[in-house]
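Engineer: Please find one structure pasted underneath; my questions will follow.
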Amino acid sequence: MRTKIAIPMGDPAGVGPEIVVKTAVSKEILDLCDLVVIGDKKVLEKATKICQVDLKIHTIKNIEEGKYEKGILNVIDLENVDMNTLEYGQVQGMCGKAAFEYIKKCVELAMEYKVDAIATTPINKESLRAGNVNYIGHTEILGDLSNSRDPLTMFEVDNMRVFFLTRHMSLRKACDAITKERVLEYIERCTKALKQLGVTGKMAVAGLNPHSGEHGLFGNEEVKEITPAIEEAQKLGYDVVGPIGADSVFHQALQGRYVAVLSLYHDQGHIATKTYDFERTIAITLDMPFLRTSVDHGTAFDIAGKGIVSAISMIEAVKLAAKYAPNFKNIK
């Protein structure tokens, strides 16, 4: 049986519908897995015209009704977009509410094991708020709906997998958050997350300061917090090394020396992956009962409705979901 990937259509006023229909006609995807989109049929039909793709939108009530063949996109139509009021590139409460409902349905399917993974399209924080959806993004929504305490984000591009010790906080606060306890906790969590994907091997922890502090010469975080955490993790049996200078560790990961890198703050990991290949850097959410991959770009309101958006990131997100889904384990 072929892997089935659920895709929530995303914000109807953004580029989500366009990247969905472009992905659905990609030969790479047709050869790899089956897609089920949760969205609005009329929006997707309009997207096929905008993007000039030859694709029939086939409405289904459940996964079993799907026609998984070339030229057909199976859609669970929630019928929650008024085409008379839809405006591309605009913040609309209707669209934020609809985007949330698509995600919610995807989670239901994943929790019921009807699909093997979820690959998400962009949503807009302002639209969510306008639609009275009190979440700031996908990760928080997915965590809440799946009763997952703190989902873990990993970026992947080619041989490089990157986790984040801290994410959405100021750099000053991120430095203060680098404690022995937190580093040790994340080594444990990242190792568990890799096991969910069926990945084992040596993980590296990036350094914070230039040359990892040069034994305290350029900062003492490595000496006081990071190194003691790594040494404790090694005693507990974790296959981890570091801290390794951030100017070297990501290159070494690309060479295959490490299966993953724990970066210490948001931009440290983002710059490494996105400079290497912006479009093919994919976010994976782990430490949940199901696998989720995502494009790493926004709703692109400035080009929505024009048919010019690239679907490379969406195609890569689906490919990565299909790669890991067969071996994915819900490790508690």
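Cβ atoms are placed via backbone N, Cα and C, with glycine included.
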Engineer: With H211, H266 listed by Swiss-Prot as binding divalent metal cation, identify the candidate in H168, H251, H297 belonging to that site.
Structural biologist: H168
Engineer: Return the residue out of R161, R172, R257, R292 that Swiss-Prot annotates for the same substrate site as H138, T139, K274.
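Structural biologist: So, going by the record in Swiss-Prot, that would be R292.
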Engineer: Taking just the CA atoms, what is the gap between R292 (substrate binding site) and H266 (divalent metal cation binding site) in Å?
Structural biologist: 20
Engineer: For H138 (substrate binding site), which residues in the same chain are close in space, meaning a Cβ under 8 Å from its Cβ, but six or more apart along the sequence?
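Structural biologist: Sequence-distant Cβ neighbours: I103, T120, I123, T285, R292, S294.
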Engineer: Count the other Cβ atoms sitting within 10 Å of the Cβ of R292 (substrate binding site), across every protein chain shown.
Structural biologist: 26
Engineer: When you measure from the Cβ of H211 (divalent metal cation binding site), how many other Cβ atoms are you left with inside 10 Å?
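Structural biologist: Around the Cβ of H211 (divalent metal cation binding site), 16 other Cβ atoms lie within 10 Å.
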